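Read through the structure below, which is laid out as structure tokens, and then see the notes.
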Ligand SMILES: Nc1ncnc2c1ncn2[C@@H]1O[C@H](COP(=O)(O)OP(=O)(O)OP(=O)(O)O)[C@@H](O)[C@H]1O
Ligand SMILES: [Mg+2]
């Protein structure tokens, strides 16, 4: 963040100073909500959590070097105190699971105000460009590609992993300082108005909308409602800004009427300004394609896995071109960009030759379809077809569509000719996926339903052989990465598996 005195911060957030001997002392570091991360000159954010209350760690944070604490009550050490606001706890807030009295909401509101002030000063100084990315799937993947293509142009701040909610977004925005040239922000929504709110915290001049899918369908109620919310990003852009829209997704393409900013369409369709043709996948499902842009054409080879990364890469290209990058540098950056965030299409081959596709970070119908296609491409790429395994768990938050969507995935696995679908879990959605596969299949052996992760591991230990390709994917809450990590790290018992190497 920009350097500010405690007095200035109190004014910006509407708080009062407590136990502060010198209001002129400056916060020179970052803002942290984990006291273990506090360094000298930082500001500590006291948030209530499910297990412990940040206010209890205030003294430890100051001891570790924090200049002060941003808190909802006096804490006996220098603090900027904002009043709890019980009326403002958003019902869908994921960041405020332990907030019973509104103190967390007040601290988060103060964080947002502080981030807004900092970003506003940096953009007014003309040194910072803010890029916002939204969509149902691919925000983190695109954010990582964007960080790679923008890096040659100047220092980039982007969130680690998937830090995209009302805590992660302003926290990331506050990491931008006077040296930062690009702030790349992932913007997620669980309900109407969420993207607009994030856009007020750090107003983007470039907005990327990737797709409108079915993630969080349960909370939104319909795809139209999701599209309406995602479109809040392009509505927030200034007329001097740029909207990067996916020409292959009709609901995203239609957002061009909701912005006064210039529009660049990306995709495979003929109408796209930034286009990919001749897409082919290599034996690790890494896409190569010919990139066409108003600045010329060039071959691109991606180092990330899955055809869905083509659209993500095109969006990154459109942003990089807007920011002044040349095509050769963009192509070089893209070919070097690896998955920077964990458990997303992370492809590894064990010493014994089992290829594990760890995509266990999260799942929704679109991303499962993309991953199944990548799995099948990999299994068919060599001279000799390899057996493909899809170990899938429940996709959460699909509301009334849940059973139908799980059934569809089960059927798709069979249609794509996945050798074996292993469905993990006993809930209705898992059973629907298994049942869908059984109905679509011929022999009844296309799918097996196992009750839990332990049973999945036991089955795979028994049956997976050298040469097989195993995809592991489910919603975050299932924790299916245990299966992937077991496959990758387990000691060779029968000489099948051993140490692992990342596939380059
Ligand atoms: N454009 C895309 N279309 C469909 N699936 C995608 C796309 N990009 C990435 N995926 C897949 O979607 C899953 C989530 O990817 P990623 O983490 O990039 O998305 P996200 O939008 O950040 O998700 P979240 O909302 O959980 O933060 C991964 O399995 C990834 O392989
Ligand atoms: Mg994400």
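Glycine too: its Cβ is placed from the backbone N, Cα and C atoms.
Because TrEMBL annotations are produced automatically, they should be read as predictions rather than curated entries.
Database features (TrEMBL):
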| type | residues | note |
| --- | --- | --- |
| BINDING | 135, 136, 137, 138, 139, 140, 141 | ATP binding site |
| DOMAIN | 31-78 | domain 'Mur ligase N-terminal catalytic' |
| DOMAIN | 133-320 | domain 'Mur ligase central' |
| DOMAIN | 343-475 | domain 'Mur ligase C-terminal' |
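Each of 133, 142, 210, 211, 312, 367 belongs to the same chain as 135, 136, 137, 138, 139, 140, 141, is absent from that list, and has a C-beta within 8 angstroms of the C-beta centroid marking the ATP site. Residue 135 (ATP binding site) is surrounded by 28 other CB atoms, counting those within 10 A of its CB over all protein chains shown. Less than 6 Å separates the Cβ from ligand 2 in the case of 140, drawn from the binding-site residues 135, 136, 137, 138, 140 in sequence order. Neighbour count (other Cβ atoms within 10 Å of the Cβ, all protein chains): 28 for residue 141 (ATP binding site). Within the same chain, residues at least 6 positions away in sequence whose Cβ sits under 8 Å from that of residue 138 (ATP binding site) are 210, 211, 308, 311, 312, 367. Per DSSP, the secondary structure of the domain 'Mur ligase N-terminal catalytic' (31-78) breaks down as 13 helix, 11 strand, 24 coil. Residues belonging to the domain 'Mur ligase N-terminal catalytic' (31-78) score a mean pLDDT of 94 in the model.
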